[in-house]
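Engineer: Grabbed the feature section from TrEMBL, which reads as follows:
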type	residues	note
ACT_SITE	HIS254	active site, proton acceptor
BINDING	TYR24, TYR129, ARG164, HIS254, ARG257	glyoxylate binding site
BINDING	PRO77, THR78, ALA79, SER106, GLN127, THR155, LYS230, SER252, ASP285, GLY286, GLY287, VAL288, ARG289	FMN binding site
DOMAIN	1-312	domain 'FMN hydroxy acid dehydrogenase'
Amino acid sequence: MEVTNVTEYQAIAKEKLPKMVYDYYASGAEDQWTLEENRNAFSRILFRPRILIDVSKIDMTTTILGFKISMPIMVAPTAMQKMAHPEGEYATARAASSAGTIMTLSSWATSSVEEVASTGPGIRFFQLYVYKDRNVVAQLVRRAERAGFKAIALTVDTPRLGRREADIKNRFTLPPFLTLKNFEGLDLGKMDEANDSGLASYVAGQIDRTLSWKDVQWLQTITKMPILVKGVITAEDTRLAIQAGAAGIIVSNHGARQLDYVPATIMALEEVVKAAQGRVPVFLDGGVRRGTDVFKALALGAAGIFVSFSPS
């Protein structure tokens, strides 16, 4: 089948992937209202097209944190990509580099920062979860910096994992032939089976629930990489992030996988942009499926868009 629309990949994935894996990528939290709303909200934003403008020469290039890229579309972090394909994050890194844009590698990747760096040149950011053991965090951040990563995307909306009912039903766990490669040598790379979701149990045991704004400042003491705060959807938190020294804001509801019944990110974008007042760039994560979605987000003030291969 010739794919002519991004949404068609979802049907192909459902056919090819094991149910546990597909459900992990495709599902949201609880009733999945926000999962649907992330997409549906775009349909309520309409264009007022202007005409008779010379469009014979189009330049989509832009600059993100000083790095020139081919378009304002970047690759969002998606965990455990080798569950979907043996090449996993390697393929994503090569594709992003070939497209001239930025890839963001997940902390919970099935390829390490060093392995992804070895795929060749490219501008790469690193998504960070803060573990209870801060030595682990510091070590990982420094490894990413040595491997040539250019920024940290600090996820701030996951002090505990959202109630993802599909993962509970499936007793989700990482397949035995895979590990969380960034933590492999620290005995933190495996995920035990549990009575509900193995990932939820892993997060409960490892992720630091005391994470606060002071930790954004702490990260700046251990790295020269700029910190993007990922998971902001309110003006109040935007102002706090800027006060804490964030170099940018990623408007995100974690692909609707954390707290259900929060606004779609495109609906929260304008509030965050107004609160930022141009002091830092604001990016959008979530719900984008068409080029028209990108233009809507840019028109509302986004400096760029992060997209992932999960339907959220």
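Any Cβ shown, glycine's included, is placed from N, Cα and C.
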Engineer: Identify which of the recorded positions ARG164, LYS230, HIS254, ARG257, ARG289 has its Cβ surrounded by the largest number of other Cβ atoms within 10 Å, counting every protein chain shown.
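Structural biologist: Checking each of ARG164, LYS230, HIS254, ARG257, ARG289, the winner is LYS230.
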Engineer: Anything within 10 Å of ASP285 (FMN binding site)? Look among the recorded positions ARG164, HIS254, ARG257, comparing CA atoms, and list what you find.
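Structural biologist: The recorded positions close to ASP285 (FMN binding site) (Cα within 10 Å), listed in sequence order, are HIS254.
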Engineer: Using other CB atoms within 10 angstroms as the count, which residue among the binding-site residues TYR24, PRO77, ALA79, ASP285 scores least?
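Structural biologist: Minimum Cβ neighbour count within 10 Å, taken over the binding-site residues TYR24, PRO77, ALA79, ASP285, occurs at ALA79.
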Engineer: For HIS254 (active site, proton acceptor), find which of the binding-site residues TYR24, GLN127, LYS230, ARG289 come within 10 Å, Cα to Cα.
Structural biologist: LYS230
Engineer: Quick one: Cα separation, ALA79 (FMN binding site) versus TYR24 (glyoxylate binding site), in Å?
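Structural biologist: ALA79 (FMN binding site) and TYR24 (glyoxylate binding site) have their Cα atoms 10 Å apart.
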Engineer: Compare the C-alpha of LYS230 (FMN binding site) with the C-alpha of each of the binding-site residues TYR24, TYR129, ARG164, ARG257, and give the closest one.
Structural biologist: TYR129
Engineer: For PRO77 (FMN binding site), which of the binding-site residues TYR24, TYR129, ARG164, ARG257 has the nearest Cα in space?
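Structural biologist: Of all the candidates listed, TYR129 is nearest in space.
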Engineer: Spatially, which candidate from the binding-site residues TYR24, ARG164, ARG257 is nearest to GLN127 (FMN binding site), comparing Cα atoms?
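Structural biologist: Ranked by Cα distance from GLN127 (FMN binding site), first place goes to ARG257.
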